[in-house]
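Notes to accompany the following structure.
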C-alpha cells in the first residue's frame, strides 16, 4: 500500500531544477493542498479532534453595504468575495463549537497564495493573535467575545502581495494542528491602498483618489492641436470578473508572486502584456485601416469587453490603437488600486533613433522624400501615468510615472515602456530607469528639414523647435473638462530652464546631432504660414497660405502644397492633393493665396480618424532658399447625440435614442452602434 502512495506522490512533484529548491511561483490561480490534520508524531488511540476547539463558521462581512467594503472603498466591485486594501484593518468573526478560552485554547490564521507558499516570500502568512495591531504590519487581535464567537480585527502589511489569498484557521492541539477545510468563499482579495500612508501608492488628496482610483468612466482627448476632439471611455474596473482578468494578466506575464507587492514591477510587466507583440498579450495593434476578423479600434467604447474576451480566450483581441491600449491599461491600474490617468500628447514624436530630432528629407523640388524620411509625428499619442513612490531612484522622482502599453520600440528586448518619472523627464535626468530618453524625445524633439544636394551633402533648410509636444492634457479631476499638464513635462519653450534641461538630457546620453556635417542658413526676411479652414467630413474647404515679406526686396516664390490622408500616427496613406503656383511677394507686405480642396478629392480614401496632413514648401527664386512648414488637421466628424425616453428608474425598461447626421452625398451601409454603461448595462451592439 505504502509503495503505491509513494509513486502517486512522486507524480505530483514538479520537475527538479538544479538552481532552486522550488519551481518559480508565478500563478495566483494555482493552489497547494493544505493538510487538515498536521500531526506532530504518532497519534495515540484515544485522540478525538472533536474534544478540541473546532471552527463551526467564519463570517467575512463581505457584502457591499457591510463594514469591510465600505471602509476599504471596495463596495463598487461586483464580486461576492471579500476585497480589502493593504495596510488597513478589516473585520471577521469566527464561530466555534464552544466558548473560546484564551488560557487553554490556541488558534491562529493562515493566508496563502500560489502553488508553493513560503513564509520568506510573503506567500505563506501565519498570523498569531496579539494585543496590539501595529500599523502596516500583519497582525490580528480579538475585539469582541460573545458566547461561542470571537470578532477579530486583522491588519495586513502595507507591502503585501496584491492578489487573491486563501484563508485557513488553525487550532493547536497537543498531538497536531487542526485546520479548517479549503473554502473558496473565504478567499480574500488584497489590493493596493492609496488611502494608506505606508503604501507605495499613497495619494493624499481625496478628490484625486475618487477620480484616479474610483472613477470608472473617463475622457480620451484626440484629434489634433488645432482641433481637439474627445471620446468617452468606460474603464469598468469594478465590473464582474474584471478583477480576476487583471490578476490573470500578471500570471500571463509570469510575474513572480513575491514581486506583486511592488507597483514598479507590476507597471513594467503590464506595459508589455497589454500589447500582443512578443508575448501574446491583450490587444493586437493595427494601424493600416484594414480590420478584418476584428473590431476597428475606434468602435470600442471601453475596456470591459476587451479584458473579458482575453480572459476567456487567452488570445490577443483585435484591434487596438494607442487610446485603446491606454484605456485598458488604465482599467488594469485602477482595478488593482494604483492611481492612474490617461494622457494625450499632441504632436508626439516617434523618433526611431532617439536623437531628439525628427528628420524630414526633401527632394530637389522641396517635396517630402518618403523613402528617406523614417521618423513620424503622431497627431496625438496616448499613454498613462501611474502614481507611486520610486525607492529605486534618488529622492524627488516619485509621483506620476509614464507607462505606455502601445508597442512602439523595444525596451530590454520587449515592447514595453516605463515606468519613467515625469519629474525626471522635465529636468532632463533621463539616466533614471525606465525608458526616460524615449519619452523625453516624444515631448521634446526638434523637426529638421533636410535637403540632399546633387553631390550628396545635406543642407538644413529649417529647424522647428516648438512643434513637438505642444500640448499635453488629461481629464480634469471631478468633471469632464480638459486639464493641461504640459508644464509637468517641460519648461516654457525657449526659457533658460528648458535649454538647461535639454543640455542635461544630452549629457545623460540622449543623442543630439550636431550641425557640423550640415550647413544651415535660413531665409530670415520672409515668413510663411498656412491655415486650414474648419470643415465637416464630406464638404469642400480651403487652405490659405500667407507670406510676410519683411525685406525691401521684391521676391517671387515657387510654392508647392502637398495634402495627404494620414493615420493619426502621421504615416501617410495617400497623397490626395498636389498644387503648385508662383507667388509674387511685394516688399514689406503680406500676401495670401487660397488653395481649394473638393470633397471628391479625398472622400474615397478616407480613414476612420479623419486626419489630413499638409506640407507647404516654397523656394525664393532670387536667393534659392527654401521655406517649409507642415501641420495636421482633422475634419469634424458628425457628433452623436444621445437622448433617453421614459423614466430612468432602476430595474425598469427605458429606451435610448441615438441621432446623427450623415454628411456624405451617399447612403451609409452596415452602420454599427455600440452602447455601454458601466454598472448599468453590458455593451450592446446593433447593426443598421
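Cβ coordinates come from backbone N, Cα and C, glycine included.
The shown structure was predicted, so the numbers you read here are calculated from the model rather than taken from an experiment.
As recorded in TrEMBL, the features of this protein are as follows:
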type	residues	note
ACT_SITE	322	active site
ACT_SITE	381	active site
ACT_SITE	404	active site
BINDING	444, 446, 493, 498	Ca(2+) binding site
DOMAIN	314-407	domain 'Transglutaminase-like'
REGION	1-33	region 'Disordered'
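Structure coloured by features recorded in TrEMBL.
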residue : record              : contacts (Cβ under 8 Å, 6+ apart)
322     : active site         : 378, 380, 381, 382, 383, 406
404     : active site         : 271, 325, 326, 383, 384, 416, 417, 418, 439
444     : Ca(2+) binding site : 349, 356, 468, 469, 490, 502, 505
446     : Ca(2+) binding site : 356, 357, 358, 463, 464, 465, 468
493     : Ca(2+) binding site : 465, 466
498     : Ca(2+) binding site : 490, 491, 492
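Secondary structure of the domain 'Transglutaminase-like' (314-407) per DSSP, as helix, strand and coil residue counts: 15 helix, 41 strand, 38 coil. Annotated Ca(2+) site 444, 446, 493, 498; additional same-chain residues within 8 Å of its Cβ mean position, judged by their own Cβ, are 465, 466, 468, 469, 490, 494, 502. Regional average pLDDT for the domain 'Transglutaminase-like' (314-407) in the model is 89.
Cβ neighbour count for residue 381 (active site): 28 (other Cβ atoms within 10 Å of its Cβ, all protein chains included).
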